[in-house]
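Annotated features in Swiss-Prot:
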ACT_SITE  Tyr298  active site, O-(5'-phospho-DNA)-tyrosine intermediate
BINDING   Glu9, Asp82  Mg(2+) binding site
DOMAIN    3-113  domain 'Toprim'
REGION    163-168  region 'Interaction with DNA'
SITE      His33  site 'Interaction with DNA'
SITE      Arg139  site 'Interaction with DNA'
SITE      Arg140  site 'Interaction with DNA'
SITE      Asp143  site 'Interaction with DNA'
SITE      Tyr148  site 'Interaction with DNA'
SITE      Trp155  site 'Interaction with DNA'
SITE      Arg300  site 'Interaction with DNA'
SITE      Arg488  site 'Interaction with DNA'
ZN_FING   577-603  zinc finger
ZN_FING   617-645  zinc finger
ZN_FING   658-681  zinc finger
Amino acid sequence: MADNLVIVESPAKAKTIEKYLGKRYKVIASMGHVRDLPRSQMGVDTEDNYEPKYITIRGKGPVVKDLKKHAKKAKKIFLASDPDREGEAIAWHLSKILELEDSKENRVVFNEITKDAVKDSFKHPRGIEMDLVDAQQARRILDRLVGYNISPVLWKKVKKGLSAGRVQSVALRLVIDRENEIRNFKPEEYWSIEGEFRYKKSKFTAKFLHYKNKPYKLNNKDDVQRITEALNGDQFEITNVNRKEKTRYPAHPFTTSTLQQEAARKLNFKARKTMMLAQQLYEGIDLKRQGTVGLITYMRTDSTRISTSAKSEAQQYINDKYGEQYVSQRKSSGKQGDQDAHEAIRPTSTMRTPDDMKAFLTRDQHRLYKLIWERFVASQMAPAILDTVALDVTQNDIKFRANGQTIKFKGFMTLYVEAKDDKENDKENKLPQLDKGDKVTATKIEPAQHFTQPPPRYTEARLVKTLEELKIGRPSTYAPTIDTIQKRNYVKLESKRFIPTELGEIVYEQVKEYFPEIIDVEFTVNMETLLDKIAEGDMNWRKVIGDFYNSFKQDVERAESEMEKIEIKDEPAGEDCEVCGSPMVIKMGRYGKFMACSNFPDCRNTKAIVKTIGVTCPKCNEGDVVERKSKKNRIFYGCSRYPECDFISWDKPVGRDCPKCHHYLVNKKKGKSSQVVCSNCDYEEEVQK
């Protein structure tokens, strides 16, 4: 008979932990938060020292009833929610609902869901840390005060359904500021000169560097001509050889932010998908005979620290697999996070290799686990040693430079290289063995015109990185923030980069005009610092909120009285309604744009926006092939005559038949390339870069 009750957030976590604890423990799930501020009202009493009015979340009544039923039967109750501020707040809300004593040591935390870690945590229960709870409460109340005051103003003055929040408004600002930089950018001309040189049977390239021992800018064609006219023949001399040994160290194990960035670059995962998969790996995977095991440590962390035991196990694995020379000699275990003394995201055991785990994981789970495992193991490997050489190739005071690099010892690069490095610094560039005074022959001198480029738009990975660098938000907020600005139609993704929409820019301009603090980066960073101080017990949460709200409410009053009403006109669709004959307009819905009758609400006719690709349906030969989106936002191709014709393809038909079997050909993406292949047989054409 179980006389100990353990409460966790999710059924998956409950199932894993119950197997470890045995028959004397009953483990049940709260299904996340059980209490929150009400949706129908502010829920914060600004006249009573910002007292929050928590209620049971709608739909959670049966869960709470079940929790209370089990709590009555239990001799002892343990609250085992996640080891962060959010988890601490969930534990506190549970203790209030179950009427547990505040002084009770009933809180258990573990950074990984393995048998040893879970059992050990139950030997050291503690009380609920109210400083962590207060930091989470303060964040929640601040966000509620901002959202519930600004949003109604935007509904009244701009459009219903809009919102503005502390972190999402700054994220939107970053996207818009970058777009304005691009709009205002004026390209500037510049030139380069590249020379191809021969030494014996070897060829190498070098770039123009100096004229008369000084940097010389090539701003236009005249500058280039001045250099090329000063050259006399094709003989050059090696005037300097600089050989160095360069050490490259591996990256630290993942934090939440770096995991989201690397998964976006290497696996093409969105931040939300990365966190969903990481949660599954953390909460437990059924390994059949080995039972259910959490494969990675807690995935919401800003720490790169690792435990001594994890470090030792990884080094033992490296020694056995690669040899002693591949084991790192560095003593540092990484930085401790700003929020808590968590560990980095790592495998719970290095010995559970990606190959061994493949049979138990879905394809995407395995890809993410492999990324986490390789990054962690590589972080404990020896640095790579590179031999670099710089050659100065000179004639008539005109200097070209060639840079070469070869890998002397691969070290960690045997296993893993960061995505951002793949394109640039890791390629070997061998130069011939040359010494000062050697003569080389120029076979080509090629000037090239260039123009400066504007800064690139944000990818999801770069936006996450920038939010982290600016210290805006927390590990748990990056993915929801990016989700929110997309769902509100404030930004859109084009070629995997964020572009602000007209609506996003209108909302931003209003918030900037009337609520300047909300979109101010420095203000948002300072607020995060104050939340950290609350968590550390150095600040009172009510004072922090009071100081903010006293000035904020004046901004709200000014906006209500001074903000002018903005009319956002619907974009004409270019066709008439087939029901009533009124013009159709383009609207934005939950799943993207659609056509609706301008005579709404008298006429409620709507139509999907169909994008044809200029190819006749290969199945019925009557309809057109159109681009559609699945519920998961994945593009697929179907027939415009659906449901009469049920043609469907994930790959884009090209409008030609296979010369071998006469089935239709499709354009299949392969990384950054694409290839025309047959949908039925093995026919394929050359890869298109």
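Heads up, residue numbers simply count up from 1 along the chain you see.
Keep in mind that glycine also has a Cβ here, set from the backbone N, Cα and C atoms.
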Between Tyr148 (site 'Interaction with DNA') and Trp155 (site 'Interaction with DNA'), how many Å separate their Cα atoms?
11
Counts by DSSP class (helix H/G/I, strand E/B, coil) across the zinc finger (658-681):
0 helix, 13 strand, 11 coil
Residue distribution over DSSP helix, strand and coil in the region 'Interaction with DNA' (163-168):
3 helix, 0 strand, 3 coil
Counting across all protein chains present, how many other Cβ atoms fall within 10 Å of the Cβ of Arg140 (site 'Interaction with DNA')?
19
Using a 10 Å radius around its CB, how many other CB atoms surround Tyr298 (active site, O-(5'-phospho-DNA)-tyrosine intermediate)?
26
Counting Cβ neighbours within 10 Å across all chains shown, tell me which of the recorded sites Tyr148, Trp155 comes out on top.
Tyr148
Where does Arg488 (site 'Interaction with DNA') sit in the DSSP three-state scheme?
coil
Which has the fewest other Cβ atoms within 10 Å: Glu9, Asp82, Asp143, the recorded positions listed?
Asp143
Integer Cα-Cα distance in angstrom, Asp82 (Mg(2+) binding site) to Tyr298 (active site, O-(5'-phospho-DNA)-tyrosine intermediate):
8
Which of the recorded positions Glu9, His33, Asp143, Arg300, Arg488 has its Cα nearest to the Cα of Trp155 (site 'Interaction with DNA')?
Arg488
Taking helix as H, G and I and strand as E and B in DSSP, count the residues of the zinc finger (617-645) in helix, strand and coil.
0 helix, 11 strand, 18 coil
Using the alpha carbons only, what distance in Å do you get between Arg139 (site 'Interaction with DNA') and His33 (site 'Interaction with DNA') once rounded?
15
Rounded distance in angstrom between the Cα atoms of Glu9 (Mg(2+) binding site) and His33 (site 'Interaction with DNA'):
8
Nearest recorded site to Tyr298 (active site, O-(5'-phospho-DNA)-tyrosine intermediate) by CA-CA distance, among recorded sites His33, Arg140, Asp143, Arg488:
His33
